[in-house]
Amino acid sequence: MIVSDSGSNTPPRRAIRSFVLREGRLTSAQERAFNDLWPHFGVSWSPTAAALDFTSLFGNSQPVVLEIGFGNGESLAEMAERDPARNWLGIEVHRPGVGHLLLEIERRGLTNLRVMRQDAIEVLRDGIAPNTLDAVQLFFPDPWPKTRHHKRRILSPELVALLARVIRSGGIFHAATDWPHYAEQMLTVLDGASAWFENTAGVGRYAPRPAHRPLTKFEQRGERLGHPVADLIYRRR
Ligand SMILES: C[S@@+](CC[C@H](N)C(=O)[O-])C[C@H]1O[C@@H](n2cnc3c(N)ncnc32)[C@H](O)[C@@H]1O
């Protein structure tokens, strides 16, 4: 998205994004996935299009769980396989990760998982009708450890306002991180949104790691480095 201040001479300002697009090479299997599997499991959408219609997208009206930034998608595919009574929608910008998840969908024979290659912020803002999501999950978002990059962290008051609009009353927002400074920021921002979200662990507390969250690829990397993991689980009022 280009944000321009019309009428002034300043050049258009790029919105601050939570990612840097590294194209990365696709394997030949991932190339095939884009050709053969994307038409079945991929969701093409643009910010000028109407909001997604989940019933026609999944062919049923089961509750929908959205994952932001699924990486290679293996933990998302595992969750979707274990919980077929809900529909799962993954959003990721990294093309090889999207290709990897398409292959996982095929390998596991999943029918309840769809994939978008999009900036999740744009989808949350314009692509999802109010009160339609059962849950949103954000696992090990890019930590942007340098102070001057903290503004790129995806978990912010702006994200929380977008989540409050799309998560149904009683629905869940679940975040996890292995960066203590980011965990503290998440706790402050989410506890600060108590008009919308209730901390299931109690104000100021992290949640116990739930058994239903598989180990993710980035979490494994963090574990090898000895990073502690914090889960934050909030219920929409
Ligand atoms: C550190 S990785 C974690 C991946 C995965 N959740 C895991 O735990 O293994 C963060 C991922 O979020 C993706 N990402 C960052 N900002 C995003 C955005 N605005 N929309 C979609 N994906 C995003 C990145 O491309 C990256 O793959």
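Cβ coordinates come from backbone N, Cα and C, glycine included.
Keep in mind that TrEMBL annotations are predicted by a computer and have not been checked by a curator.
Going through Asp36, Asp53, Asp83, Asp178 against TrEMBL, the one listed in the substrate site together with Lys146, Thr216, Lys217, Phe218, Glu219 turns out to be Asp178. Checking the binding-site residues Glu92, Asp142, Asp178, Thr216, Lys217, Phe218 against ligand 1 with a 6 Å cutoff on the Cβ atom leaves Glu92, Asp142, Thr216, Lys217, Phe218, in sequence order. Its Cβ taken as reference, Thr216 (substrate binding site) is surrounded by 22 other Cβ atoms within 10 Å in the chains shown. Look at Glu67 (S-adenosyl-L-methionine binding site): DSSP puts it in a strand. The Cβ centroid of Glu67, Glu92, Asp119, Asp142 marks the S-adenosyl-L-methionine site; residues of that chain outside this set whose Cβ lies within 8 Å of it are Ser18, Phe19, Ile68, Gly69, Phe70, Gly71, Ile91, Val93, His94, Ala120, Pro141, Ile154, given in sequence order.
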